[in-house]
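For reference, the structure is listed below as structure tokens.
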């Protein structure tokens, strides 16, 4: 029994390490924005693509990544993801142009998707009791919080000392160790025959790419541009095609009936909204510090550190809170706190003190980490037997789609080559109605089923 518990903790550590890499990479790049702008000679839209290309690939592949894990085994697909992510990190550091960097970032995103979708599936199989699973998800989310905490500071120090490529090279030792340890430690899981849908995968990837292109290009040339209108139409057509294909398919990519579960639908939507708000805020505030306050990369990293520390601590304790109270209460508290912080940030100006910006940032960080593990717990508790991988893929795809939309949509308000405070205020304001919607969904669709007692559905 003792050896079994040691093996479970070792597997949790390795799976969380993979998530650490993925999250570290997302946050490190934000403090490299000014360095990338000068080194590669790109404008604001180019910086958006350096971030969005990763999250587009991440979000687009997550659904198939979960299905691949169900079919071939989550351990095997997880290890392939770690390998691909590590190699792609090397290519990112070697990039000499924006197109090559975007290409390497896409490969990174694919590797990240293979890891993350199957990490939750592995944890679901290893930790079978709802309460202990909630704690494991809390640890997993907490490790992501640690990555968010260390990423900006570590990135700032590395970039100042060795240049922006080091922000990607830092993944190499983690990736090599995680792959070796995963092969030795993580147990094999039962596989479930599941068809892979390449056409559906292409449609959802195209829709996400067109969505990002629409908002990023609109921020550069305006909404009146024929390119923007064409991209928006193509996005809508691809999304409609995906929905139609799923409706008529005998074995759709998304399990039939999963979205009829109200709590699952609500938690998935909330997952999208919280990532949109948080990563959009992170992109905006990082640019504010670097272009308005003229902070260096190291100073920017330390400026972002307190928010990330709060996120790391909150995520660890949130898993325990979910196990005791159910996911609904942490979701309500987290969303309310984040909404307060985002509204507060709307009053930031060029003369605002660091403390005046820090307090609402801390509220946003606390709210994000209080909400995220709870949404995962709701979704994974709604999974049917043999569908852990695809269910994990759905919630993570929703969250990463939110990340894409956050950078693309909020970034479109900032201007073309010059960051504007007016644009920043508008960008933050557009998140307010989304969080009101998230609160309503949680109140009416999550709390009735996942309120003060944790559901035993798993």
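Here the Cβ of each residue, glycine as well, is placed from N, Cα and C on the backbone.
TrEMBL has this to say about the protein:
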type     : residues : note
DOMAIN   : 11-450   : domain 'Major facilitator superfamily (MFS) profile'
TRANSMEM : 12-34    : transmembrane segment
TRANSMEM : 46-65    : transmembrane segment
TRANSMEM : 77-96    : transmembrane segment
TRANSMEM : 168-186  : transmembrane segment
TRANSMEM : 198-216  : transmembrane segment
TRANSMEM : 228-251  : transmembrane segment
TRANSMEM : 263-289  : transmembrane segment
TRANSMEM : 295-317  : transmembrane segment
TRANSMEM : 329-347  : transmembrane segment
TRANSMEM : 353-380  : transmembrane segment
TRANSMEM : 401-419  : transmembrane segment
TRANSMEM : 425-447  : transmembrane segment
Feature contact check the transmembrane segment (263-289) with the transmembrane segment (329-347), CB under 8 Å, 3 or more pairs: yes
Interface present between the transmembrane segment (77-96) and the transmembrane segment (12-34) (three or more C-beta pairs under 8 A): yes
Selection from 46-65, 77-96, 263-289, 353-380, 425-447, the stretch that has most Cβ pairs under 8 A to the transmembrane segment (198-216): 46-65
Per-region confidence, the domain 'Major facilitator superfamily (MFS) profile' (11-450) (mean pLDDT, whole number): 88
Same-chain residue ranges lying at least 6 outside the transmembrane segment (425-447) that approach it to Cβ under 8 Å: 262-263, 265-267, 269-270, 273-274, 276-277, 280-281, 284, 327-329, 331-332, 335-336, 338-339, 342-343, 345-346, 348, 378, 409-414
